[in-house]
Amino acid sequence: MGSAQLHRARLVSSVAAVMISLACGTNYVYSAWAPQFADKLHLTTTEINLIGLAGNMGMYSMGVPVGLFVDHRGPRPAVLAGALCLGIGYFPFRAAFETASGSVPALCFFAFLTGLGGCMAFAASVKTSALNWPHHRGTATAFPLAAFGLSAFFFSLCGAILFPGDTGAFLTLLAAGTFALIFIGFFFLKVYPHASYQSLPTRSGLSGSQQLHRTLSEEAKVARFHRSGRHSHDAEPGTSPITNTNTTTYTTPAATAGSSQEPLIPARDSADVEAEPLHTPDGRSHEVDADETSSLMSKSSASSVAGEVYVQNSVDLDRSHRVDIRGWRLMRSIDFWQLFSIMGILAGIGLMTINNIGQDVKALWKLYDDSVDETFLVHRQQMHVSLLSVGSFCGRLLSGVGSDFLVKRLHANRAWCLVVACFVFCIAQLCAVSISNPHLLGFVSGLSGLGYGFLFGVFPSIVAESFGIHGLSQNWGFMTLSPVISGNIFNLFYGIVFDSHSVVGPDGERYCPDGLDCYKDAYFVTLTACGLGIIITLLTIRRQYRERLREEGKGAAED
């Protein structure tokens, strides 16, 4: 395949990745249909929140196993599995809505499938984009990341245009639309890795001390590989098996003082992978480079695909390559637990509004104007879901640019962006406990989305700089477990508060006639949590500042 054809093929694959990602963030559109679903099935607010939490668990708690699956099996099986999970997950909701009956545990299971499906397909689309554009990973991965953030806006807009006020048809759109987008993208999502090589000086031009030779550690690795057929223990977790045992890596004596270089890994003979030939200095050609099962965690000191995927080009690369904390060492790190707490507090606050903004809309409008019909309420709920989605998208962009400005221009800690996120959430909670006019509720949804985007836009970079870029995939997977815990707590508390103010109508439907009082107490709790988040964030910044000073002092002493 020629260069022009490969370039076009990669562009098509990137468009497919964006299309797939657009179908993966539908958990955030939950509030657009959950209140009507609860009314039809006569569910309490606590029960409908349990269903929403199951979807969040599928998305957040499965990050580590899904990442390992994508690393070992390649992106395409994960895409197909994701499409099936989303289709199988959403269709029972449509059936339950039409029949006005359904088991809450069963609905929780299907909601979990929707979260798992989105997690699998999204991980695959991001990895494919990273492998297809190794020299432009920041830009390449920004598109699927942005599409994921705009997923709720996309489906809310489509539902408002195509099926205004029809919750049953909207659930059909979610089931068929997510499956169709991912399934169609599956046929075009392929890895076309670039081949590259670094020319080495000829042997005649080297002095005795500069001649290339294989180090003892590499000989041991090769020997162990021949005996076991596997990678050595030093290989990064999730790295693909080496398929060509004849490949040899040579280093100069100076290079052995740094990190060892991994052998080139030839692409597998697969229809899913198209690789360019690698021309070595002796004129021979080999099909080499990363394939679909190449891990995004590279041990090379030159770059780390995983780090660049998550944080693009905005990390302190010197420190992130120098530090490598993972596994049990991560569990024993105070920094980890501080960041874990910050992530849990702020993400839980955001998820409470994301999952319940529809209930807020319904409560305020029912008191403000009891003549509004169901179609009007659905329109308003979809509008606020769209505001959340667009706010999250803007927050991700602003935090990326802002954190770069802090680090490169002001030489400040990137974690100050978390302080900004805390204050944005604080303002959103203050609006939530004081706004009784439903026309102004957009401040709550828009600011909540902005704070949520600020949080997730900068947090992976902070994790990379704190614990190292080589273990970022697994460390980030552990970090995203915290919203599962906090999201459960805040959402269940919201459900308890809302149910305590609700009454049962003559037809068995539940509603809250108290307007702002229906949920105000829940937002007082999250407002307190924001204050706690600010304190922990400031303590983390202070601790990291002192650690950096100690590191610089040790470095100066060694020099």
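Numbers here mean position along the shown chain, with the first residue as 1.
Cβ atoms here come from the backbone N, Cα and C positions, even for glycine.
What you are looking at is a predicted structure, and each value in this text was computed from that prediction instead of being measured.
Feature list (source: TrEMBL):
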type	residues	note
COMPBIAS	237-260	compositional bias 'Low complexity'
COMPBIAS	276-288	compositional bias 'Basic and acidic residues'
REGION	225-300	region 'Disordered'
TRANSMEM	12-30	transmembrane segment
TRANSMEM	50-70	transmembrane segment
TRANSMEM	77-97	transmembrane segment
TRANSMEM	103-126	transmembrane segment
TRANSMEM	138-163	transmembrane segment
TRANSMEM	169-189	transmembrane segment
TRANSMEM	336-358	transmembrane segment
TRANSMEM	383-403	transmembrane segment
TRANSMEM	415-435	transmembrane segment
TRANSMEM	441-464	transmembrane segment
TRANSMEM	476-497	transmembrane segment
TRANSMEM	522-541	transmembrane segment
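With respect to Cβ pairs under 8 Å, the transmembrane segment (50-70) is most closely packed against 103-126, considering the stretches 103-126, 336-358, 383-403. With Cβ pairs under 8 Å as the measure, the transmembrane segment (12-30) is packed most heavily against 138-163, out of 77-97, 138-163, 336-358, 415-435, 441-464.
Sequence-remote contacts of a segment are chain residues at least 6 beyond its ends whose Cβ falls under 8 Å from one of its Cβ atoms, and for the transmembrane segment (383-403) they are 25, 28-29, 31-32, 145-146, 149-154, 156-157, 160, 312, 314, 353-354, 357-358, 360-361, 414, 417, 420-421, 424, 441-442, 445-458, 461.
Where the transmembrane segment (415-435) meets the stretches 77-97, 169-189, 441-464, the count of C-beta pairs under 8 angstroms peaks at 441-464. Note: the stretches the transmembrane segment (336-358) and the transmembrane segment (169-189) are not in contact (fewer than 3 CB pairs below 8 A, sequence gap of 6 or more).
When Cβ-Cβ distances under 8 Å to the transmembrane segment (77-97) are tallied for each of 138-163, 169-189, 522-541, the top count falls to 169-189.
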